[in-house]
């Protein structure tokens, strides 16, 4: 119970300082980063200690004390430590401390520095409390705290209307899921009379043999619990808040997508897995929602230009893989992918923050420009360390061995094919799409040449770079490919002449270039970030390279007794399950693994190759092949293919028209209903009342 409380002293101290000695606290604001990192480091030590206990003893520790007691009702508060909790504790604390270190450099010039550290520390505390909860009502309490912190951080730059709108959108969308979760909790309490996990699981085991509980009611309550996870983990159809959540600072985007907000939904399903697995209809629904989400997220990421939104849709798709794995009963594969994806995605988001940081001297603090991949390109020459780490993170998410995500995604794909060819086909095809859009992000950001000199760029179809979209870099004729630095007479970028000034949130970094003659001229150019931002990238790169090996089979030393190979993760997660197989099947399993791996890697390589053809250096080569171009132009199918490309691009760039549908049907529909209600209330109800009074008055006067 100590682990969730460790960050609280720092939060309280910062709040006390801001309230009583605000000037001194703000002047010494960067000092507060040290105790935040220190206390979270202590939490890591405790988490690792508990994990070692779980590996060696494989026992569950539970301590409860009474929270509210009367004659009929007792509400208890405690903690539950098991392998699932141990995994989440290590994941949250390691990613959390790296994000804190990164934030010290990223937010150093922001006036909301202290407020950001208060929010992010409380965010970590809430998530730690959630994963150590021992009952449903305790989970719901921390569930709401996690949501509150995420809303505060999404709308951190609240002076920007778009950030405030994104905060509101996340709040409203998650209200749907949270309300369903609350109803599900109350429903299961009414059915079972308990909120403790151990009691729920015991009763769930007796549902099938006894048939003493209404199956329709239990299915409905389980669906309501699942609805909470759908909203939190941005699953279809409650996924619309996640891309807009990128309006918050980049470090919190990394934390939300790796170890906190969206991971909470997956954790809830994993925690209640013994309950859901006893209801086959809900398991089918979980796998179906996961399949739809993983494919939808991949298609929506194909044509995005904002680097963070592209990664957000990638997260949505990967969470769909986890949902699919849980729905088909592949508990270990889902948690394995949760671990590997968390470190790879944290690396990618923090890397994107480094890219944005390097673009700001050129374009000013304007997310529409600093996060726009259309204006990037050629950054590998200016930020080589960021480029290297981002490339490894990209290849990991694409499923290239031996990187982390390869092992977990390959396991999910294999289990999907075994469960249903329908799920296997969609999951495998989406794996190819994942490789395509992830390598597209890398190529648009780091390959080629710097495109920031497009002074007349706009996001409309008439814009000069509108054609840099889904289908490759069709370069305008007026492009200077030898352009390196953008310079004006004042020594700053042309974009900086019209920088949107945001109160309290601006960061002005102008690079300085000294000539050999001693004269100092100011240029705007991309530059590598500081050590406090590079250090977390290198640590996350280490995890991305090696964390996948916990899922690789190893010899447990008992092959002579007919015991097959195990994995460290399976030994940790399911210590009580007999995982032994005949040694004669070991070769078959190895053969199947190699076959499945070749298939998944081939799909990833195809996706990488297509992305390189359309966005890489090879694009210009293929454009210059006159024979192929003339053949294509004369082909009667050209018009058909162009129309198909436009349809796919419009679908992807416009987010599948889902946001438009929600706006027109729900937002405008509810507003129309409220206006109708207002008219009925004031015009009819009040009119009748006032009319009766007026008639009575006239009669009385007469």
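Each residue, glycine too, has its Cβ placed from N, Cα and C.
Here the structure is a predicted model, which means the values were calculated and not measured.
Within the chain, the transmembrane segment (1-21) has long-range Cβ neighbours (under 8 A, six or more residues past its boundaries) at 32, 35-36, 39-40, 42-43, 46-47, 63, 78-79, 89, 93, 114, 117-118, 121-122, 124-125, 128-129, 132. Positions annotated as transmembrane segment by Swiss-Prot: 1-21 (among others).
Per Swiss-Prot, transmembrane segment is recorded for 31-51 (among others).
Here the transmembrane segment (81-101) has Cβ contacts under 8 Å with residues 3, 33, 36-37, 40-41, 43-44, 46-48, 50-51, 54, 58, 60-62, 117, 120-121, 124, 127-128, 131-132, 251-252, 254-255, 258-260, 263, 267, 270-271, 335, 338-339, 342-343, 346, 350, 532, 535-536, 539-540, 543, 572-573, 575 of the same chain, all six or more residues outside its ends. Residues or ranges marked as transmembrane segment in Swiss-Prot: 81-101 (among others).
As annotated by Swiss-Prot, transmembrane segment applies to 117-137 (among others).
If you look up Swiss-Prot, you'll see 139-159 (among others) marked as transmembrane segment, on the strength of sequence analysis.
Look at Swiss-Prot and you will find 177-197 (among others) tagged as transmembrane segment, backed by sequence analysis.
Sequence-distant neighbours of the transmembrane segment (211-231) (same chain, 6+ residues past either end, Cβ-Cβ under 8 Å): 143, 173-174, 176-178, 180-181, 183-185, 187-188, 191, 203, 238, 265-266, 268-269, 272, 275-276, 279, 281-282, 285-286, 289. The feature transmembrane segment is assigned by Swiss-Prot to 211-231 (among others).
Among the features that Swiss-Prot reports, transmembrane segment is placed at 250-270 (among others).
What Swiss-Prot records for 272-292 (among others) is transmembrane segment, and it gives sequence analysis as the kind of evidence.
According to Swiss-Prot, the feature transmembrane segment maps to 388-408 (among others). Under 8 Å from some Cβ of the transmembrane segment (388-408) lie the Cβ atoms of residues 314, 318, 333, 336-337, 339-341, 343-345, 347-348, 351-352, 355, 431, 434-435, 438-439, 441-442, 445-446, 537-538, 540-541, 543-549, 551-552, 597, 600-601, 603-604, 607-608, all in the same chain and six or more residues away from its ends.
The transmembrane segment feature in Swiss-Prot is assigned to 417-437 (among others).
Counting only same-chain residues 6+ beyond the ends of the transmembrane segment (534-554), those with a CB under 8 A from a CB of the stretch are 94, 98-99, 101-102, 336, 339-340, 343-344, 346-347, 350-351, 354, 385-386, 388-389, 392-393, 396, 402-408, 411, 528, 565-569. The annotation transmembrane segment is assigned in Swiss-Prot to 534-554 (among others) on the grounds of sequence analysis.
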Residue numbers, six or more beyond the limits of the transmembrane segment (177-197), whose CB comes under 8 Å of its CB atoms
64, 75-76, 80, 134-137, 140, 143-144, 147, 203, 213-214, 217-218, 220-232, 238, 271-272
Can you tell me which parts of the same chain pack against the transmembrane segment (117-137), counting only residues 6+ beyond its ends and a CB-CB cutoff under 8 A?
1, 3-8, 10-11, 14-15, 32-33, 36, 40, 43, 62, 64, 75-81, 84-85, 88-89, 92-93, 96, 99-100, 103, 107, 143, 145-146, 148-150, 152-153, 156, 185, 188-189, 195-197, 200, 251-252, 255, 259-260, 263-264, 267
